[in-house]
Structures are given as C-alpha cells and as structure tokens.
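Participant: Per TrEMBL, the feature compositional bias 'Acidic residues' maps to 317-338. Residues annotated as compositional bias 'Low complexity' in TrEMBL: 339-354. Feature annotation from TrEMBL assigns domain 'RING-type' to 13-68. The domain 'COS' feature in TrEMBL is assigned to 259-317. The region 'Disordered' annotation in TrEMBL covers 317-368.
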Amino acid sequence: MNTMDNLEKQLICPICLEMFTKPVVILPCQHNLCRKCANDVFQASNPYLPTRGGSLTSGGRFRCPSCRHEVVLDRHGVYGLQRNLLVENIIDMFKQESSSSKPAPERKEETPMCDVHEEEKINIYCVTHGVPTCSMCKVFGAHKDCEVAAITSVYQSKKAELSDGIAMMVGNNDRMQGIVSQLEEACRAIEENGRRQKTLVCERFDQLYSILEEKKTEMSQKVTVEQEEKLNYIRGLTRKYGDHLEESCKMVELGIQTMEEPEMALFLQNTKPLLKKLAEASNTAHLDKVERGYENMDHYTVDFKKEGLALRSLDFLQDDEDEDEEDEDGEASAEEGDGAPVVSAAAPASVKPAAPQPSPSSPSAASS
C-alpha cells in the first residue's frame, strides 16, 4: 500500500487538496489542476475581467500554484487548456484499485478517539464551540447543551471553505506580485523620465547661455569699435603735436644760435626769417583740441534688473488650466503695468542710449 499512498499523493490537486476531478487540465509548466480549481484560481487573480455565466469570455493570466509559473490564456480561458487524459486514466485505475482493496478498515483505524470517553470515536461536530467531539459528550458530557452537526457535512463545508481561502490567497498573491512588478516598472520609468527631462532642461539653459553669449559679444564689439576709433584719433593727434613740438624745439635752438651771432649785420640778416618761423611755430590753430570728457565710455551702460527678475522667476510650465489662469492674470497685470515677467519670452536686456558724442574723426575740435 506504500506505492498506492505515494501514487495518491501525486494525484492530489494543490487547490482543493482532493484527488483530481475530471476534467484535469495540464498547464504549460506540466503541472495539473482540476478544471474547476483552475477556473477558481483564474477568477480570483482576475476579478475585474468580464465573465458570462461564470465562465471567462476573454483571455487573461494567472500563476501556477505549484511553481508560480505564469500561465497566459487565450480567449477561451481555462477551457482552452489541454486535458491530461493520462492523469484521468490513472485516477480511474486508482479508484478501481482502491475500491477492490477495501481500504475502509484502515480509515477506521485512523479515526481519532475522544479524550474524555476513550472508547468513543469523534463522530460529531460541536457548532457552538467549533470543535469535533463524540456522541457521549453530546448526551452526557460538556456539549450536551450545544448545537451539533454531522462531522461529514462540516468536513465538506470547511474543506470547501479552506479550498476557497487558498484559491483566494493564491489570487491575492498574484495581484500583489503584479502590483510589485508595476511599482518596479514605475520606478524605472521615473528614473528614465527624470534623466530625459533633466537633459531637456539643460539643453534649454544651454540655448539661453548661447543667446547671452552672443549678446555679450555683440555689445562688447560695439564698445571695442568706438574704443579703437577714439584711440586711433588720439594717437594721430599725439603724433601731430609731437611733430609740432619737435619743430618748435629746432626753432628754439636756431634762435639761441642766432643770439650768439656777434656780427650785427649778419644777425639782422638772419633775424627776419627766424622771427617769421617762430611766429609760425607758435601758432597751433591748425591742431585740433580734444573736448573735455572725450575719453569717457560711460554711455555704454546696461541695466539688467528686469532681466534678473525674469531669470529668477524661471520655472516649469504648469498644466493647461493653470496656464489659462496665468494668462488671464498676466493680461490683467499687463494692463496695470506691473505684470510679472513671462519666463518663456523674457524681454531683452535694456541698454541705456548713448549720449551724443563727437565723431572720432572730427571731435568738435576748437581751433585756438
């Protein structure tokens, strides 16, 4: 009988804990279930899938209660699973063998005896206290005033309740596993979306940096152009004054030499042209005069207060409803003249206009 016992254990359904009942379906992982139990497990795992008359009307999935392998069903549901005719034939032969060997006496030997009445078998169930007991306890013992029921009926109901609980727990476990998988996938999606959005934000800021760099270069070039023009003019004027100074020094040397001439006739002969040259050398009317403040560059002044406020108010775009509200508020504020700067279209930097200056080539020089 050891072989028969081992065989019987192999023919027990992991859901109802009874011997497989026909039809027996074979799962893709090669484990077996009663079709009814497979349907119970599936409906417990997919409570929101549409059913008609207690049967599945669309595909779904559940996990094998033996190995947790995921079973994917087509539109036929559990009725699309293949029947295991070999197991069904083995069950038929096992039942025939069991009935011919009459295992009833052995089952009687396994029936537990009452602790109080040692010769009485436990054959009834006390519904009041929820414990199995014997007939003598009901008639004379502690359970004489209790409600009792046949142990076989209670056995079947409790077994069915336990089977349903196991099936429900298997379904709950599958749902929990599904939730865990969804949460893990959500974590991966959040990480990927975060990386992507940070990259986009950095690209947007790089574009803003590029605009600022271009504007800085453009404005710096304007300052550089006027700087060079003024420098070239001043350098040219410096050369003119230097040449005039050099000529004047020569005239002074010549005058000193003439003053040392002892011959009066020769002195007077040389003095007339020398005095004329001295008069010409002392005249600087032909040399330009630079106006006061010509070297200043203060007219290239910028004020970024508004732009600074706009940059500090940069933020992410809101939802459509929030954007509509912000647009309405922005229009109202604009009418009042104190609206907040719009981040997506900040006003360009304001530059104070340059004060009127003389042209570098003709700096309003006043002739002396």
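The count begins at 1 with the first shown residue.
Cβ atoms here come from the backbone N, Cα and C positions, even for glycine.
Bear in mind that TrEMBL entries carry predicted annotations, made automatically and left uncurated.
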Participant: Looking only at the domain 'RING-type' (13-68), report the model's average pLDDT.
Facilitator: 76
Participant: Per DSSP, what is the residue tally for the domain 'COS' (259-317) in helix, strand and coil?
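Facilitator: Summed by class, the stretch gives 28 helix, 2 strand, 29 coil.
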